[in-house]
Amino acid sequence: MSAQSVEEDSILIIPTPDEEEKILRVKLEEDPDGEEGSSIPWNHLPDPEIFRQRFRQFGYQDSPGPREAVSQLRELCRLWLRPETHTKEQILELVVLEQFVAILPKELQTWVRDHHPENGEEAVTVLEDLESELDDPGQPVSLRRRKREVLVEDMVSQEEAQGLPSSELDAVENQLKWASWELHSLRHCDDDGRTENGALAPKQELPSAVESHEVPGTLNMGVPQIFKYGETCFPKGRFERKRNPSRKKQHICDECGKHFSQGSALILHQRIHSGEKPYGCVECGKAFSRSSILVQHQRVHTGEKPYKCLECGKAFSQNSGLINHQRIHTGEKPYECVQCGKSYSQSSNLFRHXXXHNAXKLLNVVKV
């Protein structure tokens, strides 16, 4: 198994020992009714995502011989795609969905996987909904604040979101703005990674909240040099999606006039205006706007930590926690101080560092 495949799959769910036992022992010797060779009931199997990951990570050394290897791969693939319950079209969609998520920028991979889409169309809706939420800087402050709360609930865990300073919440939103901006930028690039006149189209201007040369202490998210200050588009080959001119956005929000191609995206968007949070936690009563956020929140009560580091085995309740942890192993430091160039693996460390710069400035002012 290559290092690249490990990195790509490392943010996915890693099965617990109990789940691994279910994966390897997919046939019961005897079911409760005494029938030998009975399969595990489909509604009692773990998440198909677990089997998809095991199928992709399976190594030849994991089996005693070639025949056993093929047999185990076949069984893992069956448990992932579930031909007994899925149609051919549904199986095709699962394979397409896997590849689509794999070609997304890493930030968007996490975002899409956290929303658990069941097919490619649902994944596209998740991305279009994100773009629409981040795409209108002229909205009222109260509405933008509500949007930010929804985004933060999606990006960080419940325990992480509580008590975060405003600057940290801004950083979470900015990460998504970079990814959303990349979608717009690549949409207008030619084969050389530039627009026709070599400049960014109006839609692709740097989001003001993340222009590192305007906001002291803001994050440098590791954007390639050619992409700084709105000079050019991203190089070709990372993520391209062309607009389908025949596909009209027929769903319109009565509150703000935004258009959506999917009714489900409009429903999610309207909750920003209404403040509706239909998904309530039975343990503590806290409500959320999306079911995926409720699933993440419930891990606070259950203690479930499905995201496991392949390097050291440490487990986390959220993808975002695992991604931050993995930087300890990779040495990646994407958060850069624009004042002195020092880099950090965690955004919180950068904010503490930036505070030291600000304190030094205050001392100089007092001395003067």
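Heads up, the Cβ atoms here are built off N, Cα and C, so glycines get one too.
On a predicted model such as this, the values are computed, not experimentally measured, just so you know.
Taken straight from Swiss-Prot:
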CROSSLNK  LYS22  SUMO2 cross-link
CROSSLNK  LYS27  SUMO2 cross-link
CROSSLNK  LYS27  SUMO1 cross-link
CROSSLNK  LYS147  SUMO2 cross-link
CROSSLNK  LYS177  SUMO2 cross-link
CROSSLNK  LYS236  SUMO2 cross-link
CROSSLNK  LYS277  SUMO2 cross-link
CROSSLNK  LYS286  SUMO2 cross-link
CROSSLNK  LYS361  SUMO2 cross-link
CROSSLNK  LYS367  SUMO2 cross-link
DOMAIN    52-134  domain 'SCAN box'
MOD_RES   SER132  phosphoserine
MOD_RES   SER142  phosphoserine
MOD_RES   SER274  phosphoserine
MOD_RES   SER292  phosphoserine
MOD_RES   TYR335  phosphotyrosine
REGION    251-301  region 'Necessary and sufficient for nuclear localization'
ZN_FING   251-273  zinc finger
ZN_FING   279-301  zinc finger
ZN_FING   307-329  zinc finger
ZN_FING   335-357  zinc finger
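Locations of recorded Swiss-Prot features on the structure.
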residue: SER274; record: phosphoserine; DSSP (3 states): helix
residue: LYS286; record: SUMO2 cross-link; DSSP (3 states): coil
residue: SER292; record: phosphoserine; DSSP (3 states): helix
residue: TYR335; record: phosphotyrosine; DSSP (3 states): strand
Quick one: find which recorded stretch in 279-301, 307-329, 335-357 has the most Cβ pairs under 8 Å with the zinc finger (251-273). 279-301
Tell me the Cα distance separating the residue listed as 'phosphotyrosine' from SER274 (phosphoserine), rounded to the nearest angstrom. 35
Residue counts in helix (H, G, I), strand (E, B) and coil for the zinc finger (307-329), per DSSP? 11 helix, 4 strand, 8 coil
If you average the pLDDT over the domain 'SCAN box' (52-134), what number do you get? 84
Between C-alpha atoms, which of these recorded positions comes nearest to LYS277 (SUMO2 cross-link): LYS286, SER292, TYR335? LYS286
I'd like the Cβ neighbour count for the residue listed as 'phosphotyrosine', meaning other Cβ atoms within 10 Å of its Cβ, all protein chains included. 24
Given the modified residues SER274, SER292, which one's Cβ is surrounded by the fewest other Cβ atoms within 10 Å? SER274
How many Å lie between the Cα of LYS286 (SUMO2 cross-link) and the Cα of SER292 (phosphoserine)? 14
Distance [Cα-Cα, Å, rounded] between SER292 (phosphoserine) and TYR335 (phosphotyrosine): 28
Sort the residues of the domain 'SCAN box' (52-134) into helix, strand and coil with DSSP and give the three counts. 63 helix, 0 strand, 20 coil
Other CB atoms, at most 10 A from the CB of LYS277 (SUMO2 cross-link): 16
Ten-angstrom check, please: count other Cβ atoms within 10 Å of the Cβ of LYS286 (SUMO2 cross-link), all chains counted. 14
